[in-house]
Amino acid sequence: MLLSGSSSQSLAAALAAATGERLGDVTYDSFPDGEQLVTVPPAVDGERAVIVASTPTSDAHIEVLQLQDAARDAGASEIITVLPYMGYARQDDAFDPGQPVSARAVARAISTGTDRVLTVNPHEDGVLECFDVPAAGVDAAPQLAAPLPADLTDPVFLSPDHGATDLATSVRDAYGTGVTDHFQKVRHSGSDVTVEPSEIQTAGRDVVVTDDIVATGTTMSEAITALDDPARVFVATVHPLLAGSARLKLARAGVEAVYGTDTIECAVSEVSAAPAIADAL
């Protein structure tokens, strides 16, 4: 049985359709002081419970822990926790003295209530090692090729840095044509950083900028404005957080369209990560 977090209801429904698993009747309540309460159906007794819940907020993390506890208490035979988007995963190190490794802290908490974890395109694969139970990544990047225009002109698929070229390659391979490259960050001083493409020529070509997460859109917008006269620019991201004025920044930088998956359910969630998750289950 699939048990959805409140932030992943559409994705859970798509996953139910893809797998044929029942979609549990979960209810979400809150108290006047802000505390949350979830309720799972008693029919989960003796069944495998697959919890599907992105955690873009701290409240969402609490909800996952409650879903796990409720499912276990209701008699679930096995619990698999699917984190389409894992919050705090970018804090995978103590970057300054006295700071926690937040990814490890939340992974340990989630591990206590589950038998296995799946998460979609984690920011760093090393995050998977933070869990105390078997954990695996799911690649939903190929899904992002589907909404791209079929008539891209000599397309270039760009990643934000060399370390993320695999994601750009996944989208390019799924699209079927084009080349991949990556932006380069050049640090001139402690606060002066410029972002520019490698040697690839973009003039007159369609450019697809790919990334696992687009949060504020600031760095990506700066990178896009550094491109040399591209024909069209599109952004494809697995996790479209698009915080604050991110969408406006990208539009002002010349981005024609933004395509994301439903790991974060929003207006640009053009494709679902459900097929990739279904394969992993």
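Cβ atoms here come from the backbone N, Cα and C positions, even for glycine.
Per Swiss-Prot, the features are as follows:
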ACT_SITE  Lys185  active site
BINDING   Asp33, Gly34, Glu35, Arg90, Gln91  ATP binding site
BINDING   His123  Mg(2+) 1 binding site
BINDING   Asp161  Mg(2+) 2 binding site
BINDING   Arg187, Asp211  D-ribose 5-phosphate binding site
For this session: Between the Cα atoms of Asp33 (ATP binding site) and Asp211 (D-ribose 5-phosphate binding site), find the distance and write it as a whole number of Å.
Result: 38
Exercise. Near Asp161 (Mg(2+) 2 binding site), which of the binding-site residues Gly34, Arg90, Gln91, His123 can be found within 10 Å, Cα to Cα?
Worked result: none
Exercise. Looking at the binding-site residues Arg90, His123, which sits with the largest number of other Cβ atoms within 10 Å of its Cβ?
Worked result: His123
Exercise. Long-range same-chain neighbours of Glu35 (ATP binding site), Cβ under 8 Å, sequence gap at least 6?
Worked result: none
Problem set entry | Pairwise Cα distance maximum in Å, ATP-binding residues per record: Asp33, Gly34, Glu35, Arg90, Gln91 | 30
Exercise. Where's the emptiest Cβ shell within 10 Å among the binding-site residues Asp161, Asp211?
Worked result: Asp161
